[in-house]
C-alpha cells in the first residue's frame with residue numbers, strides 16, 4: 001500500500017532522478033514536476049525520463065512570464081541587491097518554483113512535496129518556507145537531510161552506481177568541476193574547484209556572457225521606457241528593434257548584455273544558515289535594467305522618499321535571499337516599494353559596451369529635475385543669499401562638536 005503521494009521538484013538530472021526512484025522504493029507514489037523558468041533544458045526528454053522511472057504523472061509548467069512579472073519586476077523596483085552585489089537570480093526563482101509545486105500538490109491531493117536541495121544550502125530553506133506559507137498542512141521530504149539517504153549516497157560515485165543498478169540514464173559527458181544553476185535571470189556557479197576562494201574562475205565557465213575582452217567593438221545603444229518602475233518597452237536606437245512584453249524585454253536585454261559581457265560577479269556571500277560561500281554569477285539583462293532603473297528613479301523620486309525606499313530595498317533583499325517571499329513582512333515591503341514607484345516613469349538611453357552599461361540621457365513627464373532652477377546662468381526663484389543661513393544652521397552641530405572635542409583635548413593636555 002502506498003505511503004502517500006509526493007510532488008517532486010524534478011530537474012531531470014542525476015540527483016533528482018535518483019530521488020524519484022528512491023521515493024518509490026520507500027513506498028511513495030511520485031508526481032514529477034518540472035518548472036520552465038528559462039533554463040536550457042530538453043523538457044520532452046526529461047518528461048520521458050521521469051515516466052520511464054515510474055512517475056505517476058509528469059507536469060511541465062512554463063513559468064517564464066510569471067517569473068518576470070511577479071518576481072523579477074518587484075525586485076527591480078526595489079533595486080534589490082543582496083550584500084550590495086548579488087542580484088538574487090536563484091533566490092527569486094525558488095518561491096516561483098515552489099508556489100507552483102504546492103498548487104499541483106493541492107490540486108492532485110498530494111500530502112507531500114520533495115526537493116533535491118542539499119542540507120547545507122539556502123535553497124532548502126527557500127523551498128520549504130514557501131511550501132509551509134502556502135500549504136501549511138503539507139509535509140516535506142528532504143532526502144539530503146535524511147540519514148538513511150545521505151549515508152547511502154555520500155557522493156556522485158554512489159549516485160552513479162545506484163543509477164546503473166536501477167536503469168536510470170546517466171550523463172554521458174564528464175561532469176564540470178563545479179555546480180551550475182540556470183534560469184532566465186542568471187546562471188550561478190559554485191562548489192567544486194570554486195570552493196577555494198583563491199582559485200580564479202576558468203575562462204570556459206561562463207555560458208551566458210562573452211568575455212568583455214572579446215566582445216564587439218561596436219556598442220549597442222538602447223532606450224528603455226519605464227512606467228511605475230517597470231520596463232514597458234526596450235528599443236535599439238540603431239537597428240530599430242523594439243520589444244514590449246515583459247518576457248521579450250528581459251530575453252532581449254539578456255542577449256544584448258550577454259553579447260557585451262555585462263553582469264559578471266565573483267563574490268563571497270553570507271548564507272542564511274550561517275556559513276560563507278563563494279558564488280559566481282552572470283546576470284546580463286538584470287544588470288542593464290538595474291542601471292537604467294536607478295537612473296530614472298533618482299530622476300523622478302523625492303530625495304527623502306528615496307532614502308526610506310533604499311532602506312526597504314536592503315530589507316527586501318535579505319527577505320528574498322533568506323526565503324521569506326511569502327511572509328507578511330515581505331508582502332508589506334513589496335507594497336511599500338510598489339507605492340514608491342507611482343511616479344517612476346520615463347525613458348533612459350544607454351550604451352552597452354565591453355562589460356559596462358553607460359547612461360547617456362533620460363527624460364520623464366514626471367521629472368523632479370528643474371533645469372531653470374539648477375542653472376548657473378538663471379537665478380529663478382532661488383536666491384543665493386539664502387544659502388548663507390542654510391550653511392550656518394547646518395554648522396551649529398559641527399561647531400558644538402568642535403567645542404566638545406576641544407574641551408576634551410584641553411583636559412588631556414593638562
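Cβ atoms are placed via backbone N, Cα and C, with glycine included.
Annotation comment: Swiss-Prot describes 9-17, 35, 114-122 as ATP binding site. Within 10 Å of the C-beta of residue 35 (ATP binding site) we count 25 further C-beta atoms, all protein chains included.
What Swiss-Prot lists as L-citrulline binding site is 86, 91, 122, 126, 179, 188, 269, 281, and the listing cites similarity to another entry. Counting every protein chain shown, the Cβ of residue 122 (ATP binding site) has 20 other Cβ atoms within 10 Å.
The L-aspartate binding site annotation in Swiss-Prot covers 118, 122, 123, and the record cites similarity to another entry as its basis. A sphere of 10 angstroms centred on the C-beta of residue 118 (L-aspartate binding site) encloses 17 other C-beta atoms.
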Fill in the blank from the handout: Here the binding-site residues are 86, 91, 269, and the Cα closest to that of residue 122 (ATP binding site) is found at 91
